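Written below as structure tokens is the structure these notes are about.
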Amino acid sequence: MVSFRTMWSVVVVVVVASLASSGVQGRSVEGSSRMERLLSSGSSSSEPLSFLSQDQSVNKRQVFDQACKGIYDRAIFKKLDRVCEDCYNLYRKPYVATTCRQNCYANSVFRQCLDDLLLIDVLDEYISGVQTVGK
């Protein structure tokens with residue numbers, strides 16, 4: 001009786017572990033390589049942090065970007081900023097967070113972050129927010 005329970009427990013643990021690790025690893029490796037290609041294609045420099053040395057300083061926690069000429073709505077900025085913050089937490093690369101916020105969120109990295117965070121079902125809502133703050 002004890003050996004049957006032990007064997008059953010081992011089978012369940014192995015099945016759960018194999019299912020959990022295969023999906024997570026494939027998604028994160030695929031997403032990471034896509035993000036690396038996306039970020040490297042947009043910059044002419046081989047150094048990923050080279051844009052930080054420009055005249056403007058970039059603050060990761062800044063909610064409002066002074067370059068955005070549209071309607072100032074703190075709630076929309078917080079919502080858009082949250083996407084970039086979550087994307088940074090997903091990839092743990094500082095240039096993901098800063099590049100995501102460039103051009104008032106109207107860039108391909110922001111779109112890729114929406115895709116990687118599985119927010120495609122509310123894409124229109126975020127696009128509307130980007131258009132509102134970036135007019």
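Each residue's number is its place along the chain shown, starting with 1.
The backbone N, Cα and C atoms fix where each Cβ goes, glycine too.
Per Swiss-Prot, the feature signal peptide maps to 1-26; the stated evidence is experimental evidence.
Annotated pyrrolidone carboxylic acid per Swiss-Prot: Q62, in sequence order, evidence recorded as experimental evidence.
Marked as disulfide bond by Swiss-Prot: C68-C104 (among others). Mapped onto three states, the DSSP output places C68 (disulfide bond) in coil.
Long-range C-beta contacts of C100 (disulfide bond), restricted to its own chain and to partners at least six residues apart, with a cutoff below 8 Å, comprise V83, C84, C87, Y88, N107, V109, F110, C113. The feature disulfide bond is assigned by Swiss-Prot to C84-C100 (among others).
Every protein chain shown contributes to the tally, and the Cβ of C113 (disulfide bond) ends up with 28 other Cβ atoms within 10 Å. Feature annotation from Swiss-Prot assigns disulfide bond to C87-C113 (among others); the stated evidence is similarity to another entry.
Cβ neighbour count for V133 (valine amide) (all protein chains, 10 Å cutoff from its Cβ): 20. Here Swiss-Prot flags V133 as valine amide.
Counting every protein chain shown, 21 other Cβ atoms lie within 10 Å of the Cβ of C84 (disulfide bond).
Taking only the Cα positions, the spacing between C104 (disulfide bond) and V133 (valine amide) is 7 angstrom. Listed in sequence order, the residues of the same chain lying 6 or more apart from C68 (disulfide bond) and placing their CB within less than 8 Å of its CB are C104, V133, G134. In the three-state DSSP classification, C84 (disulfide bond) falls within a helix. Just so you know, of the disulfide-bonded residues C87, C104, the Cβ with the fewest other Cβ atoms around it within 10 Å is the one at C104.
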